[in-house]
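Per TrEMBL, the feature ATP binding site maps to Gly108, Ala109, Ser110, Gly111, Ser112, Gly113, Lys114, Thr115. The domain 'Kinesin motor' annotation in TrEMBL covers 21-142.
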Amino acid sequence: SKLNLLSKLYEEDSECEEPELVQVYLRLKPCYKPSNLYEIRSDRCLITSLDTTTAGHGRRTQHNVSKMYTFTHIFGPDSRQQELFDSVVKDNLKKLPEGHNFTLLTYGASGSGKTFTLMGTVSSPGLIPRSLEYIFKVVDVA
């Protein structure tokens, strides 16, 4: 009996779709002071560079620490709300009626642009107003 239950669970589990990886997007806020803290190498790769100074034993040493980060896609400082919606959100919204799940999370320091990306302004609506408008247009058509 136990074996049958386990084999049934295994059969149901094997019918599930392959798990999808979490997609991580980076949107860079426009910087009004020229900075060489980062370099966008491609639409997926960002290199950060930070000069640090350490002091010890009466000496000061300067180091340059560089790190590479990889994302699903990087949106540069000139990216627009419509570009983010079309690239990140729209296709996921199309899959909602089929039972697919979609979660959008913004993360960053205070003042980094999370609210602007999600809510936007009257002249440049964010992802939430664009999503609601899109959903109601699709529902209205269906």
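Cβ coordinates are placed from backbone N, Cα and C, and glycine is handled just like the others.
If you count neighbouring Cβ atoms within 10 Å for each of the binding-site residues Ser110, Ser112, Thr115, the highest count belongs to Ser112.
A count of other CB atoms within 10 A of each Cβ picks out Gly113 as the most crowded of the binding-site residues Gly108, Gly111, Gly113.
All chains included, 17 other C-beta atoms sit within 10 angstroms of the C-beta of Lys114 (ATP binding site). In sequence order, Lys29, Thr106 are the same-chain residues whose CB sits within 8 A of the CB centroid of Gly108, Ala109, Ser110, Gly111, Ser112, Gly113, Lys114, Thr115, the residues recorded for ATP being left out. Each residue in the domain 'Kinesin motor' (21-142) gets a DSSP state, and the totals come to 39 helix, 35 strand, 48 coil. Confidence annotation: the domain 'Kinesin motor' (21-142) carries a mean pLDDT of 89 in the model. Other Cβ atoms within 10 Å of the Cβ of Ala109 (ATP binding site), summed over all protein chains shown, number 7.
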